[in-house]
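Chemist: This is the structure I want to talk about, given as structure tokens.
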Amino acid sequence: MLLVAERMEGMGTVGPKGRIKKHELVRIIIQCLHSLGYSKAATCLESESCISCKSAEFELIESQILNASWDDCIKSLQQINDVTDETRASASFLVLKQCLLECLNSGDISMALEVLQKQLASLRIGREKAHKLSYELVTLKALGLCCIDCDPVNESRKGLLLQLEKVLPPPITLPERRLESLVESAVSAQIDGCMYHSSPDMISLYRDHHCNRDQFPTESIQILTNHQNEVWFVQFSNNGEYLASSSSDCTAIIWKVQDDNKVTLKHTLSSHKNPVSFVAWSPDDTMLLTCGNMEVLKLWDVETGTCKHTFGNDGFVVSSCAWFPDSKRLVCGSSDPKKGIYMWDCDGNEIKSWKGMRMPKVLDLAVTPNGENLISIFSEKEIRILNVATSGERVISEEHSITSLSISGDSRFLIVNLNSQEIHMWDVAGEWLKPLVYKGHMQKKYVIRSCFGGLNSMFIASGSEDSKVYIWNRRSCDPIEILSGHSMTVNCVSWNPRRHEMLASASDDNTIRIWRPSQSK
């Protein structure tokens, strides 16, 4: 064994920077070949390199277990170096547990009692754990479940070896699928370092990964001019086939995204008396909600463009609205504290409400795509996350006024725009103590809205008072793109959830711009 160890140490290092021990690399390659089903190739490599996938210590333990040499196996575990007492005890416990099972199976009750009273006691595993083991084994014996044949005994011993491989540390054993894990980590690191990553395709191992701007929305390829006044809101449908916009001209428009990525007018929705400040697509994209500024909430049929229902009355002040995933329930919030938040069905029947003297005004709200949480902006500086099922509530307080809210497609994150010229990203689960902060855009006076976008919601886009669109990779606080084209404040942006290379922006210059990758070579 000394000669083999000397040979392994003498193999040196490999790699361009000489940071990889050759014998370790060979060992995990052998493990990988076995896991991929190439056992003959693994055996050949072991023979040619004189390196075994299993360490000498583990091969000895394996032999002792398969031959039921329990005392020798315990001694071998005690002699292993660089192992904590806790790990050694855990491994010994597993071996003695197998020994007990086999003693009971063979009817050797005296040996079983000796193992329980002497050897297990020496491990200091705790009285409760020992009693539990005793009870389990006695119960198995009483039920006749310990009576197993020779082949199942061997399988049980192999199962023990698999357990020990997970308990004993490297280099005695190798972590499961170690080479695949290392390669996957390297691929993930390259993706994480790619500021423009937006491709759903598998990453090739043949070359270093790098996305450029070729598939990123950086050029305005279409300008929509049908609105007659400032455009305040814009949002793509969930399937990416439609776009909805709302304007201070008291209309909302449903647009169709064609197969060639051109956007064409489908319906103009014209029954609001006041400017339309907000729209929300039903999850199945068959209906659209529109909020009139200081006015009622309307439900529209997307296919026909007809109004199906009007919620509230002229005295009902709606600030925002959202859908639950079933497309049957909706909620709306009011900036009037007396109104609060209402949950309705599509026919206008009230399901639930949150209102009262202690209810602050609601500036914005959203339902996470998984339907678990209702998130609201209260009293300008509070984010309230309500678990719909449990009614548990968590409050996040910001120092500056919040103007808008947006949720990631996976329901894990939220972003809020602040009038301090920052965008803050929080996790919905509440594990973060501080938000991630994004800067660079301009926001002091107006309501500016941002959104998640791109593959796995890895990008954030926002409007700005300097007439530009700003885009960040979530991992960087500085923008990676600043898009120019609008002549006045950009109020809102929306990223197409299915066509990741498409972005829409709405501006006070009365236009909507559609952004796609640059067509110039």
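Residue numbers in this text run from 1 along the chain shown.
Here the Cβ of each residue, glycine as well, is placed from N, Cα and C on the backbone.
Not my notes, these are from TrEMBL:
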type   : residues : note
DOMAIN : 54-111   : domain 'CTLH'
REPEAT : 224-265  : repeat 'WD'
REPEAT : 269-310  : repeat 'WD'
REPEAT : 483-521  : repeat 'WD'
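Buried or exposed, and what's around them? Tell me for each listed feature.
Modeler: Distant neighbours of the repeat 'WD' (224-265): 272-281, 283-285, 288, 290-293, 300, 302, 305, 447, 449, 488, 491-499, 502, 504-514, 516; these residues of the same chain sit at least 6 beyond its ends, with a Cβ under 8 Å from one of its Cβ atoms.
Residues belonging to the repeat 'WD' (269-310) score a mean pLDDT of 93 in the model.
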Chemist: Within the same chain, where does the repeat 'WD' (269-310) have neighbours whose Cβ lies under 8 angstroms from its own Cβ atoms, ignoring anything closer than 6 residues to its ends? I mean 6 or more beyond.
Modeler: 229, 232-233, 235, 237-239, 241-242, 244-254, 316-327, 330, 332, 346-348, 369
Chemist: How many helix, strand and coil residues does the domain 'CTLH' (54-111) contain under DSSP?
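Modeler: Going through the domain 'CTLH' (54-111) residue by residue, I get 46 helix, 0 strand, 12 coil.
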